[in-house]
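J.: Here it is, the structure in full.
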C-alpha cells in the first residue's frame, strides 16, 4: 500500500510539471492550430538559467535562505524563457503563418536544434547538478514520504493554474486570446492586435515552461541541454490526452499522465515478474500518446481536431 | 534545373557513362591522391548509405507528404536484423540454418521486416497528418530505441547499450569483403570493396525510386499529399497507398541499415537516436522534398559537411585561439538547424527542387504581386 501511495505522490509531482508544460503547448495550439515544437527547449533553458544564476549568487557570497535563492533564480529564468518564446514565434512561426503546414513545423524543429546546440555550447554537454541550497525536509504521509519541495511544486502549480484561468476567462487580454483562437481574421477586424496576442500567448506559455523547468531541475537535482526533447514530448502527450487546445484538459492530462507513468514504472517489475523494470518508464507516455490518437484523437475534454492537423 | 544539352539518346548515354566512370575511379583518386584519403572514402561510403536513407524518407515525406520523425528506427531494424544473423551474439540460440544467410536473402529479409515495421507504424497513424503524425512517429522511433537499449534482459536479445560486436562482413561471389581483395592488379581494401557494393545498391534504389515517381503509385502518393479528399474521390485507396508509402520508405531504410551494420561491424542504440532522424529529414528538406536529384544532393551535403568541418574548423580554431573553442559536433548540428530554418524561410522548395514543387511554393507570389 505504501508503494502505491509513494508512487501516487511521485506521480502527482511529475504530473504537476507536465501540466505546466502542457499548458504551453495547448495555448499555442488553441490559438494557431500548430504545435510549438521548440517548447521543450524553453523548459530546458529555464532550468539551466536558474542553476547558473543560483550558482553565481552563491559564488558571490550572497547568503540567503534556500527558497529565496530559488525564487531569485526563477525570477531570472522567467524573462529569459519568455524572450526565447518570443524569438521562437518571430523566427519560426510568424513568417510562415500562411505557408503550407509542413513549413513552420520544420523551422521549429530547426530552431529547437539550434537552441539545444547553443545551450550545449554554453553549458557543456554533461549534467548540471542542482545547487544544494534546499534542505531536504522529508515528511511522513501515511507511511509514504513527501518532501517539502514536492508539496511546494504542487502548490505553485495550482496557484499558477488558477492565475492562468483568471487571465484567460476574466481579463481583456484573455478575451482577446479567446477571440483570436476562434477566428484570427475576425478578431483582427474587431480591433485585436493579432500579432501581439500570439506573441503574448507564446510568452505566457514560456513563462510557465520556465517554472516547470526549474521544478524538474530542483526535484530531480539535475538538468542538461538535451533534456527538453523528452520532457516536451511527454507534456505534449499530456496535452493531447486532455484534449489539445483545452486548458483544463492540459491540466487533467498532465496529472493523469504523471499518475500513469509513475504507477506503470512502479508496478511493471511486479507485473512481469522482474522481466521488465522501471527502465521502461519512458515508454508509457508514447503508448498513451498512440492509444489516445488511435481511439480518441479529441482527447478527454477536447473537440475533434486531429484530422485538421 | 533543366539539362537542355541532354536532348538525344546518345548524349544522355554518353553523360551517364562518363558519370559512371567518374564514380568508378573516385575511390582510387581519393585513396591514392590524398593524405587521409581512406577516411575520406569511408565518409563517401557513409554518404552513399545516407543517400539510400534519404531516398527512402523522401517517399514518405516528399511524395506522400507524411512527416516522419522516427525514420531512423527502420535503419535500426535493418542493422539489428543483420547483426542478429551475422554475428556470434545469437549464434548459440538461433538454429544453424538461420545464421549467415547469403547477402541477397539477408537484404530482402531486412527490407521485408523493416517494411512490416513501417506498416506497424503506419496503421495506427493513418488518420493523422502534419504535426500530430510527426510527434507520433517521433515517439515510435524512441520506443524502438528504448527497446534496443533495454532488451538485454530477461533474455539477452540486443545486448543493451553495449551493442553487438563482431558482425561479419559481407560475402559475395565467394569473396570475403572483410579482407583485402586482389583483382586486376589492384588491392581492394574493405572501404573500396564496400564502396562498390553500397554504390550498386544505391544505384538500384535510385532506379526504383525513379521508376516509382511517375508510376501509378507515385502519382497516387502525390495526389494524397496535395489533397487527400480529392484523391480518394478519384478512386485512390488512400489507406493502402499511405501504408505502401510507409512500407516502401521503411524497406529502403532496412536495406541501408543492414549494409551499415556489415560495414561498421558494430551496432549500438547510440547510432539510432532522434538526431539521426532529424539529420535524414534535413537532407530531404535541404535538397528539395520529392525531387530525387535534390535529395541526393542534400544527402551528400549533410553527410560530407561534418568531415569537412572536422578537417578545417579544428586547425583554424587552433591557429586562431590556440585551442579548440567550439566542438565541431555542436557546430555541425548548429549549422544544420540554421540551414533548416533559413531554407524554409527563404527557399522552402529546397536547393534543387522539382518544377512542380517550386511552382507550388510560389503560387501565391503572383497573387500577392497582382
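Positions of Cβ are set from backbone N, Cα and C atoms, glycine also.
What TrEMBL says about a protein is an automatic prediction, not a curated fact.
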J.: When TrEMBL marks a stretch as transmembrane segment, which of B:16-34, B:130-148 is it?
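T.: Result: B:130-148 is the stretch TrEMBL calls transmembrane segment.
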J.: For the transmembrane segment entry in TrEMBL, name the matching range from B:193-212, B:213-232, B:313-332.
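T.: Feature transmembrane segment in TrEMBL: residues B:193-212.
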J.: Verify whether three or more Cβ pairs under 8 angstroms connect the transmembrane segment (B:47-66) with the transmembrane segment (B:278-302), leaving out any pair fewer than 6 apart in sequence.
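T.: The transmembrane segment (B:47-66) and the transmembrane segment (B:278-302): touching, yes.
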J.: Which sequence positions outside the transmembrane segment (B:73-97), separated from its termini by at least 6 residues, show Cβ-Cβ distances below 8 Å to it?
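T.: Those are 53, 56, 106, 109-111, 113-114, 117-118, 121, 140-141, 144-145, 148, 157-159, 164-168, 249-251, 253-262, 267, 269, 271-272, 276-277, in sequence order.
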J.: Using a Cβ distance cut-off of under 8 Å, indicate which of B:47-66, B:103-123, B:243-266 has the most pairs with the transmembrane segment (B:193-212).
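T.: Of the candidates B:47-66, B:103-123, B:243-266, B:47-66 scores highest.
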J.: Any chance the transmembrane segment (B:103-123) and the transmembrane segment (B:47-66) have 3 or more Cβ pairs under 8 A, given the pairs are 6 or more apart in sequence?
T.: no
